[in-house]
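A.B. asks: Just passing along the structure, written as structure tokens.
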Amino acid sequence: MAERIESLDFIRGVAVLGILFMNIMAMATPIEAYYSPFWREGLSAWEVPVYHLQSLLFESRFMSIFSLLFGVGLYIQYQSALTKNLPARARLSSRLRWLLLFGLLHGFLLFEGDILTLYACCGFLLIRLLDLSSKKQCVLAFVLMGLGQLVMLGFVALLMYHDIPIFTAELPLSGTALTTLQQTWTSYPDRLLAQTINFAQFLLFIPLTVLWYNTGLMLIGILLYKNGFFQQSRWLPWGLGCLLLGLISGWGVQQLRITFGLSLDVGFSTILLMMLTGLLSAIGYCSLLMLFTNHHHVLVRLLKQVGRMAFTLYILQSVMVYLIFVWLAPQLWGQLGRPELMALVIVLTVFQIWFADFWQRHYGQGPLERGWRYLAYRRFSH
């Protein structure tokens, strides 16, 4: 069991670091930049190639890994509680309620793209499915993923049928438009208001779409775990096949974006396709990472440390970017292109690795991990 947990820590560590390579676009630039490389005037010639590389290697990839691992984590905790004759569902429900609260605070106060709220909602549904047979879980996983895709596709099709643009901004953003956005997103009161509105809309969106798809992903993670995927290298050929298929299909989605002009609406619409390619690539990434789990290289050890503090580091990412682009250097918001932002993320990645190692060597469990565990289980300790 210890070895299996270490493998999950290692993969989770890589995943939490990888998430920021996409999230930075939703934190330090207008949301239009997330979907298009032509979001403002005066960008360097490197913007488009970096956009394609970022999309192919990161978009939906590491978020899918997180969904897979979240399902695995819930299943392991559920089985562990049952083995110890503890109230498994009650304990998990308590953890999820506190995760939901953390997520709501994170979403309203720091980052409207929060995933903790979504994961908590998925978890409440998932704990009702943990006792099902593997066959039923497999069928249900694909049904839920298919349902989520169909609902999201229907939403996009409805907008297109009525000729309603998903985005109203004209690209590239003019200097005046960018200045207006910069004033909104670097002023804390204005940003808080805009963030509250956007995150509230996302909360309404969850039960209609992403709830079902991500719950299906979590079930896939549980099925992979049950079949020894995270413990045995015999899955490597299959995983590499998934990775190759994910990269090829991801490249195909990118060609669609190029063919239709890399517009905002096309970029948003093809996210549905990229989510499917992301799952394939995520499985492939996990297969490759499993090869290094038992290595004694210092980087492997450090990434396991990162994985054990994934919750803390996920929130820390938002805090760091917020400090930089709202408090320390607000003039940089919306001014950096993808190459500069990727360089910044690399610097922040190095800091996170150092911080995780420093904290665990001196204080043990991560601060948010420790607090979450205490709040969730304190009523069961009497």
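Numbering starts at 1 and runs along the chain as it is shown here.
Cβ coordinates are placed from backbone N, Cα and C, and glycine is handled just like the others.
Not my notes, these are from TrEMBL:
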TRANSMEM  14-35  transmembrane segment
TRANSMEM  56-78  transmembrane segment
TRANSMEM  98-127  transmembrane segment
TRANSMEM  139-161  transmembrane segment
TRANSMEM  199-223  transmembrane segment
DOMAIN    224-378  domain 'DUF418'
TRANSMEM  235-254  transmembrane segment
TRANSMEM  266-291  transmembrane segment
TRANSMEM  311-329  transmembrane segment
TRANSMEM  341-359  transmembrane segment
A.B. asks: Counting Cβ pairs under 8 Å to the transmembrane segment (139-161), which of 14-35, 98-127, 199-223, 235-254, 266-291 comes out on top?
C.D. replies: 199-223
A.B. asks: Limited to the domain 'DUF418' (224-378), I'd like the whole-number average of pLDDT.
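C.D. replies: Mean pLDDT for the domain 'DUF418' (224-378): 92.
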